[in-house]
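According to TrEMBL, the protein carries these features:
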DOMAIN    392-578  domain 'Lon proteolytic'
ACT_SITE  484  active site
ACT_SITE  527  active site
Ligand code: ADP
């Protein structure tokens, strides 16, 4: 009976909450009806709990509760600058967006979508936007969502039905004007349960979202005050209808120098704080950071770098805590009274103080220096060594530059030939476009074999005569596609058939045509950064991509030399030491004339 009384009290409370709630009329009506039903229902019915949960959510939702926007563009600029190093383009665009919002005072307009590799600060900028506006922040992960009820909720027909992520998010933040970060819109799935992209469109459409109806709630909720920001790794897989609603802002990867700055201004201080360490206890010089960047990580962003600092902090925390423990112990032995006890402590302390004397001798404020040896102890042997020059020690290898959703990457292209019937074998997870590039490359080389004096193993200009070719694109499980490997394949095969080595410090990108022209390609900035990361010195790009070099940071441009090529002649001349000169033996020249 007591239980029942309590329950009845709860129902009375609920009823009062409904009466005093500021929910819109339609929602209010539904609640009143439902609570009437609830009161007549026996508590043992499954529907009782269902209805009660529903009503509890209804009174809890922030129908009318909001935070007051405070928007001061100058303060916003300072905050964005303090929280984020570099990324000038993104910060500028975000400030413009906020300024327009301030002047126009409404939210209609495109949704910002930050597109770039993982760990470049997309989420973090979203968070800063919320902070500058004084709004609540909530992240909704969309990766792998393939059911529209994830967005729009389940109908209230069975126990365990739930509202969707939007309504859940509103309940969590408790206000109706948060910043919602729709994370990974490029990874939305699709299934028989309806298209989540369509549901999301409804959420984002300013014409519709003032009465967004979640299936579970079954009454409209006004989403027009919510500020949506989306993130993605690539625009290629964002559903077109969604893409149409968004304004894409590209966030490229960082250079080594930028990473070092980010590490020392932001990542290290944050990690120290999270691990309860002070800068007096640990010292990480910049050369160590550079070592971590080049030998322990390979990424466009700073996410693994951040994790490595986490690992270092944990290791140091153990040292520091051990040190404190020892000090405490020694203190204790001084004050300890009673013979037995003292003996015991001394026995305990002896072996330690012998092996660790230097540690004990250190004054407690002496920082632990993380040098290369400490790094090896903590993180293990380096994972990435400069492998470039080793791999280019044979003819038939060239370095291309690829663009992936995770940033730019260098890509080795290998070729070998063997006796056979003129077959071409391709391996390494290639798409169709890439296979076509390989065929184009071979055709061009065959038709120019005489000009460049390229021969098969038995000295014939007919390159495929009695010869099979195998082309391989090693490393990485990602499917590689796109036409931009064309120049690399040509260079690699030219090396194979001429027996000459490709310069080991050259990387290249560019589409080719059957006639030997070099056409422009995308992703130049990310590709150039990857070449720089890998320690290469010369980058060959299509002539018509020259304008893209403006986006490359000055220090990277200084370290690299660029060759712009409009035809394959120029590519080959730049890729081989001393050029890949046209054979000028008179006989051949004559035969051409
Ligand atoms: P993303 O959302 O692009 O995957 P995050 O926003 O999660 O990346 O960033 C990963 C970490 O790196 C965060 O701790 C973030 O603060 C930090 N970070 C990334 N870029 C910068 C930057 N330019 N300045 C300062 N910190 C950064």
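Quick reminder: no glycine exception, Cβ is built from N, Cα and C everywhere.
All TrEMBL annotations are machine predictions without curation.
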Distant-in-sequence Cβ neighbours of residue 527 (active site), under 8 Å, six or more positions away: 401, 402, 403, 408, 507, 509, 539
Reduced DSSP assignment, residue 484 (active site): helix
Neighbour tally for residue 484 (active site), based on other Cβ positions within 10 Å of its Cβ: 30
Within the predicted model, mean pLDDT of the domain 'Lon proteolytic' (392-578): 89
